[in-house]
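Annotation source TrEMBL lists domain 'Fatty acid hydroxylase' at 132-272. According to TrEMBL, the domain 'Very-long-chain aldehyde decarbonylase CER1-like C-terminal' annotation covers 420-481. The transmembrane segment feature in TrEMBL is assigned to 18-36, 126-145, 182-209, 325-345.
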Amino acid sequence: MASTPGILTDWPWKTLGSFKYVILAPWVVHSIYQYVVKDETERDVSSLVIFPFLLWRIIHNQIWISVSRYRTAKGNARILDKGIEFDQVDREGNWDDQILLNGLLLYIVSYVMEEASKLPLWRTDGMVIIFLLHIGPVEFLYYWLHRALHHHYLYSRYHSHHHSSIVTQPITSVIHPFVEELAYFGLFAIPIMTAVFSGTMSVAAYVVYITYIDFMNNMGHCNFEFIPNRLFTIFPPLKFLIYTPSFHSLHHTKFRTNYSLFMPFYDYIYATFDKSSDTLYKESLRKEEDVVDVVHLTHLTSPESIYHLRLGFATLASRPHTSTWYLWLLYPITLVSMLLTWIYGRTFVVERNQTNELNMQTWMIPKYKFQGDELNKHGAIYVERNPKLKVRVVDGNSLAVAVVLNNIPKFATQVLLIGKVPSSLQNLHSCENWLPRRVMSAWRVAGIVHAMEGWTEHECGDAIFDVEQVWLASLRHGFQPLEMPATTA
């Protein structure tokens, strides 16, 4: 939310919550009905394509979210090292609102304007017109609109909502108040409506143009650099025609520079180009993967748990794992993911956290398993097979025992081994299985404490560490048992 929210900040369907997609239902049903009942010569393919196109936009954005979270967790070419927190995930959870608005506008224009219905699949002249108008009026008007939004009056009421995210994710690009998003839609409508009125519009034209906007928006906010420097070396003018993720990242850290949409030439013309842009770009490309002090190994638990990973659906990952009815609609995708985990047996990075002392990562084992004894003897098999292993293996059983001994009343009949993490732990924006926010299992905390203390012993299999020593060390580093509300039978 902006610091001083202005009028038309909230989206009209905010009160509908997760049921907001029903606003598209009449239009989708109508487009299908018209296509089925009408004669072949009267069918409107352009209207029928709108809903699949909206689904493509959602998939496209989700791909960017997953790739960005994976790359920033690994660390190579990461632009900003600072992490994000739960409040940013919550604030950016409505990123699909602009897709709903896009769908409504496409349906309305197609229904109201005869020129916008029964469009051909392809017209080259319309495509050329759209991109020429984007390079000209759209980029120019956006630049000055963006500068106007940084005036105190508009910034405090609207644009500060977007700049609440210093460290950006791909979908940060579309997190704006409703009226601000309307202004952007008005700009992007200039080339589209020009093609409509000139009779050169086609289905491919608006699909390609809006996909281009999505791609560039996501790229500019992904927080990792990947555009190779040799492109700018081979063709130096390219730096005026395409921005880089690091270029726009500076706008979120310095606020008063790099205002351009996708093509930075107006920043050069009006002297708002940040002089450190090239330096940050090259430094980001050279950045190597993080050196990790602690690795937490985790695995999938249920078929739908893949969506609750940090690399999955950000909103689901930020909440305790519960059954969600709409995930059943994705069951075909779930089955494919299960097949992939069976084929691909290598671990991969899903999350990074850090304190003042340690860099930590969570690695996913792409297997479905609950028990650990028959799987690897709770880690002891690694030590047995590698007696000179330099990495210390910690299963956390000692801290789990310590929690039981120090926190369980004599009359208790059920035990849940969890604990609150210290405020110094950063970049924590996903939940561990069913645990609440900023709560970690005792087994995971034990590995962190082991590294903080610099202990050199393994703690796995049947071996139990000094329980009192582990307990006191965890408290000393700020980890506290989670106090659960009392329940009565």
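Quick reminder: no glycine exception, Cβ is built from N, Cα and C everywhere.
Because the structure is a prediction, the values reported are computed rather than measured.
Contact between the transmembrane segment (182-209) and the transmembrane segment (325-345) is absent: fewer than three CB pairs lie under 8 Å, with pairs separated by 6 or more positions in sequence.
Remote same-chain partners of the transmembrane segment (18-36), defined as residues 6 or more beyond its termini with a Cβ less than 8 Å from a stretch Cβ, comprise 43-45, 47-48, 50-51, 54, 97, 100, 103-104, 107, 111, 326. Secondary structure counts, DSSP: the domain 'Very-long-chain aldehyde decarbonylase CER1-like C-terminal' (420-481) has 22 helix, 8 strand, 32 coil.
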